[in-house]
Amino acid sequence: MAMASLARRKAYFLTRNISNSPTDAFRFSFSLTRGFASSGSDDNDVVIIGGGPGGYVAAIKAAQLGLKTTCIEKRGALGGTCLNVGCIPSKALLHSSHMYHEAKHVFANHGVKVSSVEVDLPAMLAQKDTAVKNLTRGVEGLFKKNKVNYVKGYGKFLSPSEVSVDTIDGENVVVKGKHIIVATGSDVKSLPGITIDEKKIVSSTGALSLTEIPKKLIVIGAGYIGLEMGSVWGRLGSEVTVVEFAADIVPAMDGEIRKQFQRSLEKQKMKFMLKTKVVGVDSSGDGVKLIVEPAEGGEQTTLEADVVLVSAGRTPFTSGLDLEKIGVETDKGGRILVNERFSTNVSGVYAIGDVIPGPMLAHKAEEDGVACVEFIAGKHGHVDYDKVPGVVYTYPEVASVGKTEEQLKKEGVSYNVGKFPFMANSRAKAIDTAEGMVKILADKETDKILGVHIMSPNAGELIHEAVLAINYDASSEDIARVCHAHPTMSEAIKEAAMATYDKPIHM
């Protein structure tokens, strides 16, 4: 790495000035569930409404920075949508369903004979629930360790420095704070004319807890969540049809990778109806009838399924907080408007995560939370939304960071492209997972890496070499000259980097 790059690294860490000073002693005025919540009769330095990834991480970081902190969470369990009914339970089911699929269809190719493979759905769901329970308890343990006050209840603003909380025990308390952070996350976006009952017409929450494997499943929406949940039930035996209004699945994905990805899902018998609009639904019978037509208009078709999953995106959860009472500005979509320091237009009130503009991702919310409380503590905080990775946790996975080829063309940026397929990677061939590729986009003049896109069974783990490289303005040659262990899947990144500025060795 060049000396200039090393200097940038040193400057970066010096300017962050992150402190881990111990917190002040806390005084607890009364006890709620689990015995470590406070009424907040003494002013807090920081009060956080919402205990999801953004909220609980902000709370812990604030306490580590010596700020007296209270976190309010309506669910009664920390972790938000991600931990309770999103990222974590879906990954548990994705893994369990993949294990079943491998045992049924792949083990024999590796000399492992299994006479009978069956799905024990109750046991599979129980494993998922156990994982969630253990992790939520773990976050509570972190709150205790860091002396974060935890109030279980629904909070809404009384003033810019006061939050009224209806606790899960039926009490009402007022929590006061010098700085209040809104971290209430997002909720499922509904579609006109479709009522989610979480039985036959389900959201992602209901799709995580189906008590029977549907023979036919229709997924409305070809985004991350819809494709992941469609994959779970497809592996377990459901006939899956994905209905999408747009012309492509996961529209924000790099086009070349997306085409490969769709072909892979189609090989897994997932069907796609793109450029298709849902115009009606009938769930009065035993199953569900979905009426669709071409997005541009035309002849209607009726689709039948046992279960319909509505996965048409998410909307910020900002209603019911009495934001208008204190004058906090939101946009037309209900997102809270903030500046680069996460401050709203109301002094002392901040917002992070899914309730503000930007990608609705748990890890982005976590970074927001850390940066926000660093600003509050008088330190340097920073989140670069152009360098936040995204992962689709199907099989294979797709992971990306930075710009797509389509974005660079639109912006008029001259770039080089380097690609390397996993079919030429020795580790991938040895373990029979050679599907996919690594694609690197770099500035044509400077060789600075602008985007990296990976399709591979473990793309979500591989992408972080690229995330680090992009955050430190590395070039493709920088990656190419780093020794990678052999044989590993990560060698494909090195080879793609070599292909970007020169030529790969193994192609």
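From the backbone N, Cα and C atoms, a Cβ is placed for every residue, glycine too.
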*Name the residue from CYS71, CYS87 that Swiss-Prot records as disulfide-bonded to CYS82.*
CYS87
*asked:* Need one residue: from VAL278, VAL279, VAL346, VAL349, the one Swiss-Prot lists with GLY221, ALA222, GLY223, TYR224, ILE225, GLY226, LEU227, GLU228, GLU244, GLY313 for NAD(+).
replied: VAL278
*Residues GLY221, ALA222, GLY223, TYR224, ILE225, GLY226, LEU227, GLU228, GLU244, VAL278, GLY313 [recorded NAD(+) binders]: greatest CA to CA distance in Å*: 21
*If you measure C-alpha to C-alpha, which of GLY79, CYS82, THR184, ASP354, ALA362, HIS486 (recorded positions) come within 10 angstroms of LEU227 (NAD(+) binding site)?*
none
*How big is the gap, in Å, between the Cα of CYS82 (FAD binding site) and that of GLY313 (NAD(+) binding site), rounded to a whole number?*
14
*GLY221 (NAD(+) binding site): tally of other CB atoms within 10 A of its CB*: 25
*Among GLY79, THR184, GLY313, which are recorded as binding-site residues, the nearest neighbour of CYS87 (disulfide bond) by Cα*: GLY79
*Taking the Cβ of HIS486 (active site, proton acceptor) as the centre, count every other Cβ atom within 10 Å, in any protein chain shown.*
10
